[in-house]
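For 1-30, 85-94, the entry in Swiss-Prot reads compositional bias 'Polar residues'. Annotation comment: Swiss-Prot describes 1-117 as region 'Disordered'. The compositional bias 'Gly residues' annotation in Swiss-Prot covers 36-52, 64-75. What Swiss-Prot records for 165-186 is repeat 'LRR 2'. Here Swiss-Prot flags 188-209 as repeat 'LRR 3'. The feature repeat 'LRR 4' is assigned by Swiss-Prot to 211-232. Positions annotated as repeat 'LRR 6' by Swiss-Prot: 257-278. Residues or ranges marked as repeat 'LRR 7' in Swiss-Prot: 280-301. If you look up Swiss-Prot, you'll see 326-348 marked as repeat 'LRR 9'. Here Swiss-Prot flags 397-418 as repeat 'LRR 12'. Swiss-Prot lists 421-442 with the feature repeat 'LRR 13'. Under the heading repeat 'LRR 14', Swiss-Prot lists 444-465. According to Swiss-Prot, the feature repeat 'LRR 16' maps to 490-511. Summarising the annotation, Swiss-Prot assigns repeat 'LRR 17' to 513-534. As annotated by Swiss-Prot, repeat 'LRR 19' applies to 559-581.
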Amino acid sequence: MNLCSSSGATASNTSLSSTGHPESNGSGPSEATHCFGGGGGGGGNNAGGGSGTDTAPNSNKGTLNGGGSGGGGGANPASSNGHSLTHNNENNGNMPPETRPKMVTVKHPESNKPKPTTKKIVKNIQADQDVIKALQRCRDEGIKRLDLSKSSITVLPNTVRECVHLTELYLYSNKIGQLPTEIGCLVNLRNLALNENSLTSLPESLKHCTQLKVLDLRHNKLAEIPSVIYRLRSLTTLYLRFNRITTVADDLRQLVNLTMLSLRENKIKELGSAIGALVNLTTLDVSHNHLEHLPEDIGNCVNLSALDLQHNELLDIPDSIGNLKSLVRLGLRYNRLNCVPVSLKNCKSMDEFNVEGNGITQLPDGMLASLSALTSITLSRNQFTSYPTGGPAQFTNVYSINLEHNRIDKIPYGIFSRAKGLTKLNMKENMLTALPLDVGTWVNMVELNLATNALQKLPDDIMNLQNLEILILSNNMLKKIPNTIGNLRKLRILDLEENRIEVLPHEIGLLHELQRLILQTNQITMLPRSVGHLSNLTHLSVSENNLQFLPEEIGSLESLENLYINQNPGLEKLPFELALCQNLKYLNIDKCPLGTIPPEIQAGGPSLVLQWLKMHSPYRQM
């Protein structure tokens with residue numbers, strides 16, 4: 001018996017939108033993209049800072065939309081041909097009330113109480129009818145692109161076999177547990193999107209789809225790669241992210257046309273030598289698995305430009321990695337590496353080097369200097385005790401360096417002398433006691449994070465960093481801030497939390513672009529009156545200090561939204577001028593002995609406190 005019978009509809013270049021009106025063919029599926037980077041591991045469909053993503057080409061126009069936007073849930077009692085409960089309901093809307101049938105009820109065995117059929121079931125019945133109609137139109141009009149995504153489909157009707165002209169079929173975000181054998185009749189299919197379903201296997205008949213190029217199986221329940229996939233030798237893009245796959249068979253070597261393979265977020269412990277046969281791969285994502293080693297054969301994938309290995313359990317990287325001279329991005333974040341191979345020097349196209357979250361103590365001599373295309377270097381959360389060897393040459397084209405959470409006790413003098421484009425430096429959580437004497441030459445620095453070190457002094461030369469917008473010095477041992485801080489006219493964020501500062505310089509008032517000033521947990525007894533010039537300040541935190549009073553000029557902070565002055569045991573009153581801060585949304589005055597303001601007013605929040613200050617102010621114009 002031939003399962004692939006067809007009505008013989010003439011092929012058409014027309015595709016239908018969700019409204020059923022003819023449209024010209026769209027441009028086809030969007031190109032697959034792949035990125036990963038620093039910051040977070042993890043997870044979700046995008047890496048930044050460093051987590052990886054894969055984006056499948058989903059149809060969004062020029063298609064016949066079958067099931068609308070979904071809705072419904074649970075099992076659909078209607079069969080795939082639209083019968084069962086449908087005959088009781090489908091024409092009720094056109095019947096007069098007196099002749100209209102009663103609502104269908106379902107009596108459960110465990111209960112004698114009749115229960116009305118839920119709206120979900122009715123919606124699912126309608127969804128099934130819509131899908132059947134969409135398949136019929138697809139057959140009759142020779143439609144090539146069909147979008148049945150988000151249609152609450154649990155069973156794909158076997159009439160799909162009649163849609164022989166289909167080249168693109170989108171079934172993502174449904175509830176499909178198994179595909180019908182008839183899917184193999186779609187011999188012209190090139191793109192098949194099955195992501196976000198409940199598939200545990202694929203039918204062997206899929207092998208007849210010999211023109212299939214893009215197969216998306218993300219977010220299903222596959223415990224292994226279905227064997228039929230290895231017979232789809234025309235595949236160029238294969239997404240298997242977020243399944244339950246534990247092994248990769250040697251048959252993978254048959255997919256020689258693959259350019260993109262995503263196995264991200266599975267349970268794979270070993271990647272066999274078969275990976276080396278995929279010489280056309282440009283993107284390989286095996287992040288978020290349980291790999292401890294990579295095969296030497298990975299070096300045969302010489303066309304790789306993106307290799308994402310982050311969030312595994314890698315103990316080493318094979319020397320053959322140096323063969324990947326087209327490599328631009330290499331994700332090694334959060335593994336168990338103690339070192340990286342010298343051969344990485346050969347990967348001269350890499351523009352980002354990120355080994356965050358490993359146990360690396362040093363890099364091969366001069367490795368970073370050899371990677372002259374690097375623009376971003378992230379070595380955070382390792383065991384470095386000093387800067388990598390290689391001198392100033394290793395940072396020539398770099399704009400961002402992150403060495404957070406290591407054991408580095410100094411920044412070498414002149415190390416950034418050739419880093420003319422360096423704008424971001426993160427040295428948080430190290431063991432720095434001082435900054436190098438040439439800190440004043442870092443004139444292009446925009447963001448400088450020196451938090452959680454042991455700095456005792458900020459050099460006067462800080463005044464030369466006039467492009468600085470973010471300066472974070474929290475949790476150090478600073479006793480004072482130099483007057484030259486006033487030269488940093490572009491500063492937007494100044495964080496001095498948890499130091500030993502007693503007095504702020506008057507020049508702080510020159511920072512007219514300042515938006516956040518964080519001074520909590522110091523020994524400050526008073527704020528300079530010049531603070532009133534900070535017209536763009538939205539956040540001011542002076543909690544846990546020794547404030548005796550707030551200057552009247554605080555009333556000039558028209559942009560202020562958040563004010564933290566809690567836990568100042570000597571602060572007994574607030575200036576009436578504070579009532580002029582009309583944009584104040586949050587005011588924390590806990591554990592301040594404000595005897596002049598009644599407790600019930602204090603408990604009422606910022607607006608009530610401001611109202612009280614205004615009412616009791618000697619300035620009637622307020």
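Cβ atoms here come from the backbone N, Cα and C positions, even for glycine.
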The answer for the repeat 'LRR 19' (559-581), taking Cβ pairs under 8 Å and residues 6+ beyond its ends, is 515, 520, 525, 535-553, 587-597, 606, 609-611, 613-614, 616-619, 622
Should anything in the same chain at least six residues away from the repeat 'LRR 9' (326-348) have a Cβ under 8 Å from its Cβ atoms, list it; otherwise answer none. 35-38, 41, 47, 50, 52, 282, 287, 292, 302-320, 354-364, 366-367, 370-373, 378
Residues of the repeat 'LRR 16' (490-511) by DSSP state, where helix covers H, G and I: 5 helix, 4 strand, 13 coil
Could you give me three numbers for the repeat 'LRR 3' (188-209), the DSSP helix, strand and coil residue counts? 5 helix, 3 strand, 14 coil
